[in-house]
There are 4 protein chains.
Amino acid sequence: MVEDGGEPGGPAASGGPTAIRDDLAAVRREFHRYPEPAWCEFVTTARVVDYAERIGVDELHYGPDVTDAENRLSVPSEAELERWFRKATDRGARPDVLDRIRGGYTGAVAVLERGEGPTVALRVDTDALHVAESDDPNHRPAAEGFRSENEGMMHACGHDGHATIGLGVLEAVKHGDFSGTFKLLFQPAEEVAGGAKAMATGGHLDDVDHLLAVHLGLDRPTGTVVAGVVKTLAVCRFRVEFSGASAHAAKNPETGNNAIQAAVSAASDLFAVPRHGGGSTRVNVGHIEGGAPAHTNVVAERAAFEAEVRGEDTELMEYMFGECSTVIRTAAERHGCEATITVEGEAPREDSDPETAGAVEAAARAHPEVSETIPSADFGASEDATYLMKAVKENGGNAAYSVVGTDHPGGHHSSTFDVDERSLGIAVDVLSDAVVRLGTNNDA
Amino acid sequence: MVEDGGEPGGPAASGGPTAIRDDLAAVRREFHRYPEPAWCEFVTTARVVDYAERIGVDELHYGPDVTDAENRLSVPSEAELERWFRKATDRGARPDVLDRIRGGYTGAVAVLERGEGPTVALRVDTDALHVAESDDPNHRPAAEGFRSENEGMMHACGHDGHATIGLGVLEAVKHGDFSGTFKLLFQPAEEVAGGAKAMATGGHLDDVDHLLAVHLGLDRPTGTVVAGVVKTLAVCRFRVEFSGASAHAAKNPETGNNAIQAAVSAASDLFAVPRHGGGSTRVNVGHIEGGAPAHTNVVAERAAFEAEVRGEDTELMEYMFGECSTVIRTAAERHGCEATITVEGEAPREDSDPETAGAVEAAARAHPEVSETIPSADFGASEDATYLMKAVKENGGNAAYSVVGTDHPGGHHSSTFDVDERSLGIAVDVLSDAVVRLGTNNDA
Amino acid sequence: MVEDGGEPGGPAASGGPTAIRDDLAAVRREFHRYPEPAWCEFVTTARVVDYAERIGVDELHYGPDVTDAENRLSVPSEAELERWFRKATDRGARPDVLDRIRGGYTGAVAVLERGEGPTVALRVDTDALHVAESDDPNHRPAAEGFRSENEGMMHACGHDGHATIGLGVLEAVKHGDFSGTFKLLFQPAEEVAGGAKAMATGGHLDDVDHLLAVHLGLDRPTGTVVAGVVKTLAVCRFRVEFSGASAHAAKNPETGNNAIQAAVSAASDLFAVPRHGGGSTRVNVGHIEGGAPAHTNVVAERAAFEAEVRGEDTELMEYMFGECSTVIRTAAERHGCEATITVEGEAPREDSDPETAGAVEAAARAHPEVSETIPSADFGASEDATYLMKAVKENGGNAAYSVVGTDHPGGHHSSTFDVDERSLGIAVDVLSDAVVRLGTNNDA
Amino acid sequence: MVEDGGEPGGPAASGGPTAIRDDLAAVRREFHRYPEPAWCEFVTTARVVDYAERIGVDELHYGPDVTDAENRLSVPSEAELERWFRKATDRGARPDVLDRIRGGYTGAVAVLERGEGPTVALRVDTDALHVAESDDPNHRPAAEGFRSENEGMMHACGHDGHATIGLGVLEAVKHGDFSGTFKLLFQPAEEVAGGAKAMATGGHLDDVDHLLAVHLGLDRPTGTVVAGVVKTLAVCRFRVEFSGASAHAAKNPETGNNAIQAAVSAASDLFAVPRHGGGSTRVNVGHIEGGAPAHTNVVAERAAFEAEVRGEDTELMEYMFGECSTVIRTAAERHGCEATITVEGEAPREDSDPETAGAVEAAARAHPEVSETIPSADFGASEDATYLMKAVKENGGNAAYSVVGTDHPGGHHSSTFDVDERSLGIAVDVLSDAVVRLGTNNDA
């Protein structure tokens, strides 16, 4: 663990080609115990950098050159960033790494140069959720002592496993029969759809021929692999601030510009944006707050909400965002308020390419522990990995987003979510095999 | 100050019949420095008890027998009560008083038995506001060192002055030419319209023949006295909780019962309750919050708002409350949610009686520093003193609510509110003279 | 009757100073049988012109010089005007009069020059309502054979009586002891608040020193007179047209600009315009229609509604109109529609002046059949006579609006409304006496 | 034409096996000149009965035994039915037929018994639309003299052609090589989705093995045939009446139960019914009206709207209908109104069966004028033929809904819609060939 003072320790410390592969559960549990929110993955980033150095890579990027700072979405306040930074320092994370990632420059890119051949990349994500982890003895992390040590935060979507899988694949590719360049991308801020846009424009995707991304679970049992998902929903998450003018609600309500009235009117009307003949759309307001507690006699001068729109494709999502913008603008005008809309997360729709997914399919079919291989399946939700997929495709490459099934007792994002750790090995094997095949394929 | 360890100290310590009258500004500043919210007036109550004991009274009530516990509205959470209680303990307030008022049993009643005659009562209020006091050097409390020591709380409506005036009148009546029974009521929780109902049913009003209440300022300058206000607005403040069922906003929004949608729909529609042909009404939603920050992908299972309705008379207020209840109930039903409405504050409409107000008018006209005496004026806002006035009237007594003008640089409830301390003496003189006249009158 | 071919006929034909006074019921029933809507009072105008000529006046105006054409509000379509014009022709109304009032130039002004003295005017109104008159035998017009002959139209607000009273007063002033100039104004289009503005700017009010206006009933019984009402509500009636773009509601709803959605959103929100601290306001949407019957699969390209706002004073009404305009404009913008607002009727607030009302009060007190004389009372509704009152006041004159009580079995605007014809004589006597007093007063 | 007095006339009069086939354009133009609305197809029904008799059939049903009276949706008022009935009488339609179909019992079923074999049915529809037909000389019906003679009604969706095709197929099957039973269904009231439900339960579908339905055009050019459409949208059209209580909008608005406020609130909220994760949904309010013109001072006691919901499948449509019902019920409750919902039209989702569609596909491929044969295509809209398809399937049969392309200058339901009459012959040939194949197939 990091708090051991930087001493070589933990599963990887034993070295050798199969060090991580043999101890995937331990690595994952280490990540699980220390969940961090988007752009605050300080301990997590320091730890993956540490592992990557031990595995030995040709390039290792972390800090401001991993992401395009301007495109980072949903970055927390300076105070919140510092709070997590200090926690990381207190926990004893490597100061040299911490210095470079301070201020929300989390994430890392590790590169293996393995001779002639295509550039193949694997993206894993690293952030956790604001969920309080169950302490029920039936919840294995509670029973076996690796429950979250950051109360109120939890790896409830398997990113602890994803980071672990990434390290396992890095190790396997390093020691395996791969010709080409391999890049491992540790992406921050996936849960808020805030990290991929910045990584997509950060430069590391420009030369990628094949991009792989992976997710555990998603209601698929251990032993199942979906080679390439399609029909992700494009998504845009945004925050709206209404500012008006306060007034005494009894003496002269007419002099106020009621920010709560503007906000509730807009929030109501967002749900009434017309359906689109071109395909499915979604809209939701997930958080609202305005005015001040107990101040019922004040016409509120401030209110805000957070909402999201989705579409079966990017254009449909953009239609929804455009309509919502009109709703918000006119509701604000109605009540003499100003409204500002800030995009907090975004992801286009991208489908897996058959070529790249084919390598995962072949690898899965060849794996003895994979009982069901599904070439393609609808995703039905959103993932900002699509930003990376889109960037690769625009540069002439291909991409696939794969699902490695895992038996999970609680649903994703629930307080009893957990993964079947057998799936970690399957994922490492299948993905590293796919990387090799993609290298080999292009050479052929 | 209380923290002096219970030693005789502060202005009253000098003893003698005019001790407080000579030091009103100092007493007021002491209260000003330590503002406390509704039902948490622990230091304030302990201090008025202390003063009353020094003045010497025939009865002194504090603790649970001051108010009817069931009718206390807007009592904060147990945790909040305890937080302020511990602060009071830390400040060194008298432990014997604190013990009895713990748990939100603030307020006090002091009684002087002065022979045959009617029972005359004066009500003053004691709580402060959640306003951050200005530290501008032009703000006298900041310049002269008696600015709030409880950051974020402020005596921004003059209740520090009211409590001081009450003590001044108690002292004056004790030593003055009054025949009858005099009761001084220190009411908690006026700002939230939460204390008067409980005091009205607490028993101390039952035998009152004349009730006086007083407010400083209200845009009247020093030297002006309004003997009896009329046309208060009846008010009801309430909190609404919506509970529904969460769902994934993209995968199966139709399975959720959207508490935010219910809340914003209801909040919008509250403003559309039809006007009433019988007179003026008001409605406002002053605070709203629902869902969870950043959880735009969750159909919210919980939302809440706080609102208030008012009416030119009590029936109009009740019409508004009834209509709002229907709006809330049907909006909840529409979205499959439960809605619970909790009344947090309430005050009926009551007008001053000419008989009681007449005594104040006569006293004001007789005072050399009063330049303008106004027999009656419209109030235009709400005050829960009307609960006390109504209780007295129902028992056959009369009541008047008076305004003693004071030059105030900032508006009521603003961060730069202050009072002209000259008005404290005027108020003490006029009100104690009125008390005497009410006693004498009845004897005549 | 008019249809008798212009022959001297009807009650007034008998000539002599008291011809109309003796036959008020008959004159009123003649008007009652032929109700006409606003700006279509062709037969009615021809009839009052005919009566005025028989009485003998010094000036008689009808046609375009009675009203200011630009300020006529709520003028019906050309087709509707022509339909009623042809009906009037068919009924045999005087062609010379009809020719001049064709196209909605109804109304008349009769002038008596009676020597030195002030100019005193009396305004009566003439239009009827779109109400189907009861044929119940308990309804006297049905039982006694003077029920409306224009099915669907009815004198359900007593304007038949008002026109009759005007003629009676004209006759009485002609033969009475009045010194000055007397003007009798027959105003069109009161029910839609559409006629007074045009008459106020038409020139005939410019030299008026005292303006009287009169209404029968208003829930006051026969024998009661209110000399001068105060607290009329200012009113503005308007029509809103929304035009958008149609689309197939299933195939491509997103391409439409939904005029129904814009209209219902605006109509909902009109009711939510905040109350005003300065006094009472009102708002109502009384008619809405949009889209096409059975075309549920079409996104509607057109919708419209009619609404009104009122205020305790003119400024409050204008506040409401301004807020409603903002609601309408932003709702249209929200849905990509155009909205046009057309004012259809308007009346400011004006109160009766004590001086003018005093003459009515004195006359009422002197009348043996008046059992109750009320100097002043609140009106609580709107009347466009206030436009005329305002014009007179702005020229330095005074005005009063009087109510002459009448027992009326059904409410105003109901299908069983009727007047107690005894009140017609009371009204003629009291008002002509008041006219004389106003002349005499100024002479004194 | 019918008005020729019942004389044998029109194209079919020449008799012989190919009489109608040779004159399809003339038959279609005859229907085109006399469009009738849903359930008022009196002349049209009389005419198809007449034609069927001339062709010679084994059974011919018209009048009450064609449809299940209780399940007829959107039947017009008695007055409207009678108005169209009198027009039909005036036009000289056969009195014996008219007598039986009076009261909205339009539609007909013709049966050919052609020996052993399956029962094959063809459904065509017969009603027209409330669209004013273009009189532009570029619009062929206008140029060539067969424009609608019923102003404001128009065959703007090709049902004139459908009825013609039905007669052509009847003739062809009679004289062709078909073994089995053939039923030709002339369905009323398709445009309002009102006729199929009643026909589905009317008994004539119970023994059908293969049901064919046909539509011209739908943006497919002449020469194209879609053998079987899939993915129709389930639809429900409904009318909502709100009844409340009127009140004077200024004097006592609070005593009213505002039906317009209830209606506009509900209409707004219908659009805000949450999207469904299970597939596409639609909602629209296509018509609204409430209150009375010019009565802005009346709180309206009545308002109504017509709306429709659709779903990608029947369950989704039913979800929408359930949610809308809740919206309507709660909006009515909010405003103290009653709301009644009447279903005016309904159609489930049904897809074409490959077996039945296969016969159409084979026939199309064999036709020299068919340049493109599409086995299956998405429909994207609604059709109440699905009620018939569902009924047949529930009885163990199969069904297909085919599209025969036609060049149409204006869009469906537009005033310049027209069909390329060459497509009529293609449709008759392909469908009669398919009928034969379905007969033969089963024999094989």
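Quick reminder: no glycine exception, Cβ is built from N, Cα and C everywhere.
Taken from TrEMBL, the feature Mn(2+) binding site covers D:Cys157, D:His159, D:Glu191, D:His215, D:His413. Within the same chain, residues at least six positions away from D:His215 (Mn(2+) binding site) with a Cβ under 8 Å of its Cβ are D:Gly158, D:His162, D:Glu383, D:Tyr401, D:Ser402, D:Val403, D:Val404.
Residues or ranges marked as domain 'Peptidase M20 dimerisation' by TrEMBL: D:236-332.
Taking each Cβ in turn and tallying the other Cβ atoms within 10 Å, the top scorer among the binding-site residues D:His159, D:His413 is D:His159. Shown for the domain 'Peptidase M20 dimerisation' (D:236-332): DSSP residue counts in helix, strand and coil, namely 34 helix, 37 strand, 26 coil. A 10 Å cutoff on Cβ-Cβ distances gives D:Cys157 (Mn(2+) binding site) a total of 25 other Cβ atoms nearby, all chains included. Excluding D:Cys157, D:His159, D:Glu191, D:His215, D:His413, which define the Mn(2+) site, the same chain contributes D:Asp125, D:Asp127, D:Ala128, D:Leu129, D:His155, D:Ala156, D:Gly158, D:Glu190, D:His412 within 8 Å (Cβ to the Cβ centroid), listed in sequence order.
Neighbour list (D:Glu191 (Mn(2+) binding site), Cβ cut-off 8 Å, at least 6 residues apart, same chain): D:Pro37, D:Ala38, D:Asp125, D:Asp127, D:Ala128, D:Leu129, D:Cys157, D:His159. Look at D:His159 (Mn(2+) binding site): DSSP puts it in a helix.
Under DSSP, D:His215 (Mn(2+) binding site) is assigned to a strand (E or B) in the three-state scheme.
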